[in-house]
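Working notes for the structure below.
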Amino acid sequence: MSTLRLLISDSYDPWFNLAVEECIFRQMPATQRVLFLWRNADTVVIGRAQNPWKECNTRRMEEDNVRLARRSSGGGAVFHDLGNTCFTFMAGKPEYDKTISTSIVLNALNALGVSAEASGRNDLVVKTAEGDRKVSGSAYRETKDRGFHHGTLLLNADLSRLANYLNPDKKKLAAKGITSVRSRVTNLTELLPGITHEQVCEAITEAFFAHYGEHVEAEIISPDKTPDLPNFAETFARQSSWEWNFGQAPAFSHLLDERFTWGGVELHFDVEKGHITRAQVFTDSLNPAPLEALAGRLQGCLYRADMLQQECEALLVDFPEQEKELRELSAWIAGAVR
């Protein structure tokens, strides 16, 4: 019986693909070597310890229907589209060794005619007339008895969109999360015009087989049928939840300020695990009572635009004469935290 397992996903859903990855990783035998190939439609993928409000332009993502997905490995934020090929290598310990999986990817690129090399802790670069350019980034996860190495290869990604979603709004965030380091990147199509996702997957697969001296049939994972993986439904529900993708953000503080015709407002939030743990409101409004009441209501509230808007509008019952001001405030807060 082969020790290899090859899985290829037909889904472009990042939550689906990351749930598949997690389920395979948790239940794989210690003697198995796994290669999982996949890609995501428009998504910002953040590291396990990152703060999405700091890393991403969450408002622009919402406008453009770009998903946010938190992965279980560390590292920085990346933008995925269908111009990226994603790979995951898994193995039990002590065999797990990220230098092996890195060499498999380098061998695959070499077979395609691209000479690349490892750079730093987790990048693959090619040499160009303008200097080294990154074509692949990776992240890693290890438990007591197993490990995985996953990464992306830039085939024909829309690099102009990176800045749309990975450059955050100028929010006044004093965050404790890990800030992504931006690198100069290039697409493989600059070196191999017309290269496709299927060709890259085939090259990685062949390099994987060659390294281990075995072949195995690919298992196609399709969103049309629930994968036959232990606890997949629960894992997918968690991976796609607001609580995981946003609520797992490290503790941070957020300062919002705005001047309205009726006065200036300054809001100070402390946020932990996606909930407001402290809210302070400062204003020079001639009628500060609704704002003072709002500070109390926001304590414990989810740091989510619709929930904050709901708390603002709930004050209309007690302060009907301030309806105009409260609706302006509600719209501003909801827009500011998206």
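Positions of Cβ are set from backbone N, Cα and C atoms, glycine also.
Note that the coordinates shown come from a computational prediction; the quantities given were computed from them, not determined experimentally.
Now, the feature entries from Swiss-Prot:
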DOMAIN    29-216  domain 'BPL/LPL catalytic'
BINDING   Arg71, Gly76, Ala77, Val78, Phe79, Lys134  ATP binding site
BINDING   Lys134  (R)-lipoate binding site
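For the ATP site, whose binding residues are given in the record as Arg71, Gly76, Ala77, Val78, Phe79, Lys134, the maximum C-alpha distance rounds to 21 Å.
Averaged over the domain 'BPL/LPL catalytic' (29-216), the predicted model has a pLDDT of 89. Val78 (ATP binding site) is surrounded by 25 other CB atoms, counting those within 10 A of its CB over all protein chains shown. Following the DSSP three-state reduction, the secondary structure of Phe79 (ATP binding site) is strand.
The local packing around Phe79 (ATP binding site), expressed as other Cβ atoms within 10 Å of its Cβ over all shown chains, amounts to 23.
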